[in-house]
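Straight from Swiss-Prot, the features:
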BINDING   CYS64, CYS67, CYS74, CYS81  Zn(2+) 1 binding site
COILED    105-134  coiled coil
COMPBIAS  1-50  compositional bias 'Polar residues'
COMPBIAS  130-142  compositional bias 'Low complexity'
COMPBIAS  143-152  compositional bias 'Polar residues'
COMPBIAS  160-176  compositional bias 'Polar residues'
COMPBIAS  177-208  compositional bias 'Low complexity'
COMPBIAS  429-444  compositional bias 'Polar residues'
COMPBIAS  703-731  compositional bias 'Polar residues'
COMPBIAS  732-756  compositional bias 'Low complexity'
COMPBIAS  1385-1408  compositional bias 'Polar residues'
REGION    1-56  region 'Disordered'
REGION    126-208  region 'Disordered'
REGION    244-441  region 'Heme-responsive'
REGION    429-456  region 'Disordered'
REGION    703-764  region 'Disordered'
REGION    1381-1408  region 'Disordered'
REPEAT    296-301  repeat 'HRM 2'
REPEAT    386-391  repeat 'HRM 5'
Amino acid sequence: MSNTPYNSSVPSIASMTQSSVSRSPNMHTATTPGANTSSNSPPLHMSSDSSKIKRKRNRIPLSCTICRKRKVKCDKLRPHCQQCTKTGVAHLCHYMEQTWAEEAEKELLKDNELKKLRERVKSLEKTLSKVHSSPSSNSLKSYNTPESSNLFMGNDEHTTLVNANTGSASSASHMHQQQQQQQQQEQQQDFSRSANANANSSSLSISNKYDNDELDLTKDFDLLHIKSNGTIHLGATHWLSIMKGDPYLKLLWGHIFAMREKLNEWYYQKNSYSKLKSSKCPINHAQAPPSAATRKCPVDHSAFSSGMVAPKEETPLPRKCPVDHTMFSSGMIPPREDTSSQKRCPVDHTMYSAGMMPPKDETPSPFSTKAMIDHNKHTMNPPQSKCPVDHRNYMKEYPSDMANSSSNPASRCPIDHSSMKNTAALPASTHNTIPHHQPQSGSHARSHPAQSRKHDSYMTESEVLATLCEMLPPKRVIALFIEKFFKHLYPAIPILDEQNFKNHMNQMLSLSSMNPTVNNFGMSMPSSSTLENQPITQINLPKLSDSCNLGILIIILRLTWLSIPSNSCEVDLGEESGSFLVPNESSNMSASALTSMAKEESLLLKHETPVEALELCQKYLIKFDELSNISNNNVNLTTVQFAIFYNFYMKSASNDLTTLTNTNNTGMANPGHDSESHQILLSNITQMAFSCGLHRDPDNFPQLNATIPATSQDVSNNGSKKANPSTNPTLNNNMSAATTNSSSRSGSADSRSGSNPVNKKENQVSIERFKHTWRKIWYYIVSMDVNQSLSLGSPRLLRNLRDFSDTKLPSASRIDYVRDIKELIIVKNFTLFFQIDLCIIAVLNHILNVSLARSVRKFELDSLINLLKNLTYGTENVNDVVGSLINKGLLPTSEGGSVDSNNDEIYGLPKLPDILNHGQHNQNLYADGRNTSSSDIDKKLDLPHESTTRALFFSKHMTIRMLLYLLNYILFTHYEPMGSEDPGTNILAKEYAQEALNFAMDGYRNCMIFFNNIRNTNSLFDYMNVILSYPCLDIGHRSLQFIVCLILRAKCGPLTGMRESSIITNGTSSGFNSSVEDEDVKVKQESSDELKKDDFMKDVNLDSGDSLAEILMSRMLLFQKLTKQLSKKYNYAIRMNKSTGFFVSLLDTPSKKSDSKSGGSSFMLGNWKHPKVSNMSGFLAGDKDQLQKCPVYQDALGFVSPTGANEGSAPMQGMSLQGSTARMGGTQLPPIRSYKPITYTSSNLRRMNETGEAEAKRRRFNDGYIDNNSNNDIPRGISPKPSNGLSSVQPLLSSFSMNQLNGGTIPTVPSLTNITSQMGALPSLDRITTNQINLPDPSRDEAFDNSIKQMTPMTSAFMNANTTIPSSTLNGNMNMNGAGTANTDTSANGSALSTLTSPQGSDLASNSATQYKPDLEDFLMQNSNFNGLMINPSSLVEVVGGYNDPNNLGRNDAVDFLPVDNVEIDGLVDFYRADFPIWE
């Protein structure tokens, strides 16, 4: 609607109305839009009958829709009448468009467009003047690049407009004057700064100074997950981008992965021979002694000893079954043909992973006729997922079984291959099965008779329909489910026409036999309780598209049942729950109405539609998997609707994916919401929409006017329509205004010829509703494309929308909403949500588009931040925000901004506090601040969809604020490393960090608010628990990642090692200063007391000092508690719980109380036992080839520019550099600039110095372990061979100046010796993995060979300084980690582990002059310090061993939170050992 008053056009409207009274009836047929019929004058001699017909013409009402609905007088004021303003529904005041006023409307639109273009010209001139006045010449050059040309001039039409409206001479003179004024101002500012500038002026100059800084977002935040069968790209907006791009997390991952390699190698070498010694035959000979010569043991021990227990490197050939099947006929085991149940391998393969020792109580008898194989727990050939049965021999011995395999696929092999496929998805080192999680409900335990049917064989259409009749609920329950969907869930996916859909359901299922009653909105409400249990006996599919309608119905039944508030997950966060409660909805419903609603929900809970019903429908009726291989004849509008519903269902009810589809091969039990299958499905939906022509507005096709009344929504369906003579047209009278279309569909020639005016009017309504559905589907697909791009970080499919699409918004449909107010709200939401999508598109263009992201400027990101803040805080209307984006060149008009020229300004995004507190005082969502009287409350219209619409507004706020958090984080990580080189950037980094933290905490709070209110009665989130659960939890998880980054900064200090002290809070020496420990415990106790009073609803200040880490840790613990409870219902919560538990275990501060229990040097181990490989997380348990494909692993080991030589190179200056710091490859990421984090405070330095003194005391006891041999100036633990492992601290070599190195003392680098003392303890990643699987790695060798040649002089000087530092100069400021000097003697009460030496350490010792054998305990102590962060060794072992608390989730899951591919899954054997290159 245009906001321009219509007072000036009132006379013309009246005259046009009077002149149109006596028009010919022939001119009232459907005409093309904009046709001028005023020149056609009817004859004066017309009969009275014709005049009566003329009075029944389709007249457009002049009153607004709301006043007509309320049946009150409307004053017809534009844009909003007084009645709607008084009752608080001005945002819904809607006038139907007059067809004869379209020409005048076009003139008004032209004036508005010219006005907006003039404003844009002014904005562009201001931007150009700012650019030309910039003191930096480089920035001027950058603005002349082709990528930035469209930023200022837009497209060609706007360039022409600039030339037409502004003279070139005046413009040049004006810009010249502005440029001179700007230069004078800059000179004055320089003079004032040189004299004595105050803080405000310096802050302003800093802001102006860095406005034209360029950021390259194509490197740090792009991920490429290299799988064995391909690659997956994940962009900057993906949830893993922070995991990969943050500098602290990169170093942490390097530290963790190196620890993982060491522990994995140690444990592997330790147990490889013990398994061989403890191996026993799986046959219990005590029960069946092989006494006779022919009764020998059926186990082929030669194959057993060579293939089943030996390490991987000794079994290059596929493993075969150890059972000699030729012995079955000798009497040991009865012949297979005697008993059908014996056609299985008699060996329990679960014993293979336990050292071939079967449990005594579970040892099967060889004479047993029971099948004893358990393929759910083990596969015969894990690396290749190969069946252990020799099919060649099996085919010869049992040809009959193989001959019948076509009819019964299960008879091909006695092994259940389905369970093997599930097991094959595990890592190579694990033998656990992927558990089949229980569905989101607990009622899947009940079994339909149809569910026990095997659907492997082909089923006819009649069999499928008969099975579906058994699965579907009774008729009355189906009608209740449909009403619940359209009342609560429909605004989330409004692509259906409610009236038409109910009409189809009546025809297909005969729901109209239930004598429904009609409520105020024209919706059928079943009222007969006697027919409650009337089942579905027949499903009629008269048209081909009805199969898709049936599939949509099944999805609606399933989604609505899952969304019932009683089915939502119970969340109990203890005392903190009260902080996240919001007022309940104030309801005007009576007690009887509430009781009736409760009864309806209890009835619906009893009838769950199984997910197998959808599988049958989409596989046998719709054949959805074959649509991509069939011509467009199978695609119609209903097919597109089903595909959208199917995509929506997969994302919302992800727990059903394990049952519904097996197409995902990501190696995880749950593919998650960032699965590539969703991405491919959306591309198919987009192409189907193009095939149907949805990208063109339906008004462009006049033939639709003659086609739609005959075929309704199946206009593109070329199939023949089945006859259905039993269909009664009168059954649809209560369903819709277009119900009489069914009579015209029977082939009435009179209705199609237009002789019946009633039918003509209803046909016209049907046409408009069809066009309306057309537009809704298209813009919903556009919204899906934007949301997927935001979630995955992938480019949008529908870019520059207006270049190929002219489809109008649904608000352009000429529909009378007086009988369907719900649809009016849907139309308003479509316009608003599309405008919000335009704001998101502007951000995505600058982050994901390579042409812009490679050289995006700071002031552009600042403009995006300011505009998004204005939108979410309600200080600026969404129309103004979109207009500002276009005027500033941040959003091209080709994206669709010009289509919103006639939008209603009052219908905008309400403020978030108004959304949450709406139910407290019964205030309207869009109230203008005035007090509402009781009479106004009585007059207020009871609006449907209000709570659901506000829940959607809530999700939009979360999305916008997540973008604000991401933009601030990008700018923060860009300017934080520049602090040492340019101190002016410290202020910017601090501001961006605080803003990022504020928006991260906002997302965290909103996530908690949602899950704490989903089960409340009359809550804001009624029936939205399934739809909004993942978006809310995902935003909370993203916020937690920034919390982890800040905790690392708060605890670690500067990355370069400046002013940090390598201390271990709990040492092995008795000389350790216990007062420091007591102070740490006291500080921790005080901080815990403060946390009890912590208000989770308040923002966190970065200046909180020492308590910052504790405050943020408390939020992590609460989120972990939340995900632990949600993981029982939602599979995607398991991954987030693992991620949170991982960091909680890692970052937990060690305490004296917990460490002193074990005492002595074994304090760190406690009751810890060596972690089993099967308990490791996937990204820690994988081998080298798997980890190399993980983007996080790639950047973790390549982040700090490595230097060194390969294993065959000679030592340099008496020592060799480790592999992680030995290669200076050109493809590596640039080094980190020396900087200190914004959370680093003076109090941190004070505590570090105090604990450094205590460390100096410990240092005296360990000086003797340095070998000061003149030929080998190598500290203890340094290997002459290089290693790829990262040390616990990796300071940047280039950050130290030559003056510090040549001075002989380095007082500010206390952790310098960590580089030398800890590198040797970390093993070579390549050596470890090579010893395990014997894979050559020539790429690594070449990198080693070229690394020394690329070493910089600074690196050589730095390492020379290391080798010449005498032990006497080591003091409190420059000391060795206690781990690096741990003694080799075992403690008096040490565990058995302390007597074990690392095999890698033995290898190092045999080739080292120091002859040192570090044990595992020394290694753990050595790596307990990560850049000043004191990691509890017990927590470190727990993390590296995998966060797998049996009391946490109640089961062992293979779901991981890092994308580590698995070589065991099916179809990847060809890529195994393919030496895939590592790409950036």
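Glycine is treated like the rest: Cβ placed from N, Cα and C.
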Averaged pLDDT, computed only over the residues in the repeat 'HRM 2' (296-301): 58
Cβ neighbours of CYS67 (Zn(2+) 1 binding site) where a neighbour is any other Cβ within 10 Å: 22
Site of maximum Cβ density within 10 Å, from binding-site residues CYS64, CYS74, CYS81: CYS64
Cβ within 8 Å of the mean position of the Cβ atoms of CYS64, CYS67, CYS74, CYS81: remaining residues of the chain near Zn(2+) 1: SER63, THR65, ILE66, ARG68, VAL72, LYS73, ASP75, LYS76, GLN83, CYS84, CYS93
Collapsed DSSP category at CYS67 (Zn(2+) 1 binding site): helix
